[in-house]
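These notes are about the structure you will find just below.
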Amino acid sequence: MITLSGIIGSGKSSLTEILSDELGTKAFYEPVKDNPVLPLFYKGNEIAAKKRAAGDEEATNPYAYLLQTFFLNRRFAMIKQAMQEDNNILDRSIYEDEIFMRMNTEMGNATEVEYDIYKSLLANMMEELPFASHKKSPDLMITIKVSYDTMLKRIEKRGREYELVENDPSLVDYYHRLLKQYDIWRDEYDASPMLVIDGDKYDFVTNMEDRVEVLEMIEDKLVELGNLTAEKAAELKEKHKILLDEE
């Protein structure tokens, strides 16, 4: 199982689709489009921030805990499906989920009690994952690192109203905090091998040369880990040469 990670707007879903097509494996996407809680969460954050600014220090977002348990439940189901075949791909990892819950607690959007319950639930679910213990973690974690400016450009491009800072100024602080939390998380992650992709440097969505370079970085790592044969990697490199010649 291969897992993508990265902040909002880093390009996880795009790279998941590209890599799934490349390897001929299944992609499992974060439940965003059919998520009834997500827009409520963003609105709740905005309302809670205004209340705290007005002096209500105990104002929280009633949807913060609900959103993270929604994601956790869906992600757990997808992990069990993705584990059934080699090199299936998840476009966000369960290991990142605590970042969001911890940060929302630190910002006052969730309570310490909710955070403790969430951590306990996450730990129990990780223990219940099927198959051998070594299969509970991904074979490779691919994390896409982007700057604040790149993140905002991509958020604006996809146009989800509730993610836009011009619609909710409190998101500026939220996104900056989130970037810092991701830096800490990357440095501390040790559950599996990790490959870091520079999302500022590589435009793997629209630039074919960048896409090929990123794919070959990933495939070389998979060969190193024993998850892709050298023969298959060489075959894919030949395919890349043809694609670049056609550009």
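Numbers here mean position along the shown chain, with the first residue as 1.
Including glycine, each Cβ sits where the backbone N, Cα and C put it.
Pulled from TrEMBL, these are the features on record:
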ACT_SITE  Asp91  active site, proton acceptor
BINDING   Gly6, Ile7, Ile8, Gly9, Ser10, Gly11, Lys12, Ser13, Ser14, Arg154, Ile155, Glu156, Lys157, Arg158  ATP binding site
BINDING   Glu30, Tyr42, Gln68, Arg92, Asp97, Glu163  substrate binding site
DOMAIN    2-223  domain 'Deoxynucleoside kinase'
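Sequence features annotated in TrEMBL and their locations in the structure.
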{"residue": "Gly6", "record": "ATP binding site", "contacts (Cβ under 8 Å, 6+ apart)": "Lys12, Thr143, Ile144, Lys145, Val146, Tyr182, Gly199"}
{"residue": "Ser10", "record": "ATP binding site", "contacts (Cβ under 8 Å, 6+ apart)": "Ile144, Lys145, Val146, Met151, Arg154, Gly199"}
{"residue": "Glu30", "record": "substrate binding site", "contacts (Cβ under 8 Å, 6+ apart)": "Lys12, Ser13, Phe71, Arg74, Arg75, Asp91, Arg92"}
{"residue": "Tyr42", "record": "substrate binding site", "contacts (Cβ under 8 Å, 6+ apart)": "Tyr162, Glu163, Asp168, Leu171"}
{"residue": "Gln68", "record": "substrate binding site", "contacts (Cβ under 8 Å, 6+ apart)": "Asp97, Phe100, Met101, Asn104, Tyr118"}
{"residue": "Ile155", "record": "ATP binding site", "contacts (Cβ under 8 Å, 6+ apart)": "Ile8, Gly9, Glu163, Leu164"}
Would you identify which of the binding-site residues Lys12, Arg92, Lys157 has the most other C-beta atoms lying within 10 angstroms of its C-beta? Lys12
Neighbour count (Cβ, 10 Å) for Ile8 (ATP binding site): 21
With the fewest other Cβ atoms within 10 Å, the residue among the recorded positions Asp91, Asp97, Glu163 is Asp97
Check Lys157 (ATP binding site) against DSSP and tell me helix, strand or coil, would you? helix
Among all the protein chains here, how many other CB atoms are within 10 A of the CB of Ser14 (ATP binding site)? 18
